[in-house]
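Noted in TrEMBL for the protein shown:
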| type | residues | note |
| --- | --- | --- |
| BINDING | Asp11, Asp105 | Mg(2+) binding site |
| COMPBIAS | 360-373 | compositional bias 'Acidic residues' |
| COMPBIAS | 418-429 | compositional bias 'Basic and acidic residues' |
| COMPBIAS | 466-475 | compositional bias 'Low complexity' |
| DOMAIN | 7-189 | domain 'UmuC' |
Amino acid sequence: MRNAPTILHLDMDAFFAQAEQASKPSLRGKAVVVGGLGPRGVVATASYEARVFGVHSAMPMAQARRRAPHAAYLVPRFAFYRSISEQVMGLLRALSPLVEPLSLDEAFVDLDAGRAAWDSDSARLAGIRLRDDIRAVTGLTGSVGLASCKMLAKIASEQAKPDGLVLIEPGTERALLGPLPVRTLPGVGPATGDHLRRAGITTVDEIAEAGEDELVRLLGKAHGHALYAMALARDDRPVVAEREAKSVSVEDTYDVDIHDRVRVELEVQRLAGRCVRRLRGSGLSGRTIVLKVRRYDFSTLTRSETLRGPTDDPGVVREAAARLLDSVDTTGGVRLLGVGVSGLADFTQEDLFAQAAEELADGPEEEHAEEPAGDVPVPVERQWRPGHDVRHAELGHGWVQGSGLGRVTVRFETPESEPGRVRTFRTDDPGLEPAEPLPLVSSKPHGAGGAPAGEPAAEASREVSGEAVGEAIGAAEDEVSGSSGRGGDISVVEFGNSP
Ligand code: DCP
Ligand code: MG
């Protein structure tokens, strides 16, 4: 471990939700939930305003709606988030050749390797500048942790959230780590956490006090040694520069072999869910599902199944993993289970659906007759997905607030306008077309692109609506379903906190 806090961990704040708020002025300062809106949808993330109501990542969407009925609910726009991620990663690479991205919004940087910092003062300065640059280039906030090792840099950025910077001074590491719960340490999941708790160990200090032998006795040799070292703030893992990811996988080693088949099945389901979250966090999808099983006698086998097309659907991955497990005998007990996805593609199913909808809206069908992607469901009518951008021939740029029963509501605003107002159209209105997201920051001091020339940014901003949190997407949908507009004329719908 080095003696200067020159390992930086960056994690963007409420990434998908913040990107949506930056893109849609009417949602700033409000509860925003991004995720799957179907019956089995889960929350990808929630704005900090929505977290107050107890909404968080991986929660079933139905539960989120019960907790925060007035929040705005949006489907993710992965291509948009990926483009912001590329800007952020570009800023990190300007600091050092050693940048290790962990997901779209998170990375380690070795500042020392890039000569960007060599001691506490220079590291703090580099962190402050980085946060400023990220804000200037993307319009978004990210939190920064600085420490002498990866584990503590990550803990520091967590403590800095949201919109902050925490530097752990060398020499203070153990004092800081000691009182924290064991779950703070990398590699301590719910199972290991429970196991330690039953042995009377709940804090990092208690791990250190228990001693290495006791840890090895409790958790086995490899895990015990590793955890004991972490508890003493010994973490020598280097920052590894980005390699092309060939697969995304997760695995768990069990302290005690699992014999119960039902438990094995449950663990595989849980791992499949975790694997998909990681996949989605990186904005990827994959075709091949891999199951890894290490049995009581250390014999390890892998089974795989290749799907017709790439997926990032948790249900599909879980089902494939369950099928693979069917062919594996686990009667003697299982030490380790893993689920992975390979054959990665740089897009997600949501993108495919959106693309299919847009292509259909854009051009004659014959153009698509030879498309190889035969398993992409082609919608029968134009889909207006909540949160996606649109352009109206006269009213300019806006986004879909809700749709249903042949109607679509659009809020006309841009990242740099005032909150705009809402209009309702027929879904087949010829003046309305899907649009690309506008850049969040139009003047790019770092030269990464620029706003489309002549964008009428403030066109829809004349009438500023002053509604509060109540103007949720859900409310908009209800309003649309209830409207009885005739013909293709524009009707104005106001969504306020009506009594
Ligand atoms: N994500 C997801 N499903 C999850 C977790 C995350 O789709 N179970 C996506 C949405 C997040 C993004 O990955 O915006 C980054 O994940 P983080 O864990 O960094 O969470 P946030 O950036 O949203 O919030 P925080 O401020 O806590 O970092
Ligand atoms: Mg984040």
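Placement of Cβ uses the backbone N, Cα and C atoms for every residue, glycine included.
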Review point. Of the residues in the compositional bias 'Basic and acidic residues' (418-429), how many are helix, strand and coil by DSSP?
Key: 0 helix, 5 strand, 7 coil
Study note, to complete from the structure: Asp11 (Mg(2+) binding site) falls, by DSSP collapsed to helix, strand or coil, into strand
Practice item. Find, among the binding-site residues listed as Asp11, Asp105, the one whose Cβ has the highest number of other Cβ atoms within 10 Å in the structure shown. Key: Asp105
Study note, to complete from the structure: Over the domain 'UmuC' (7-189) the mean pLDDT stands at 95
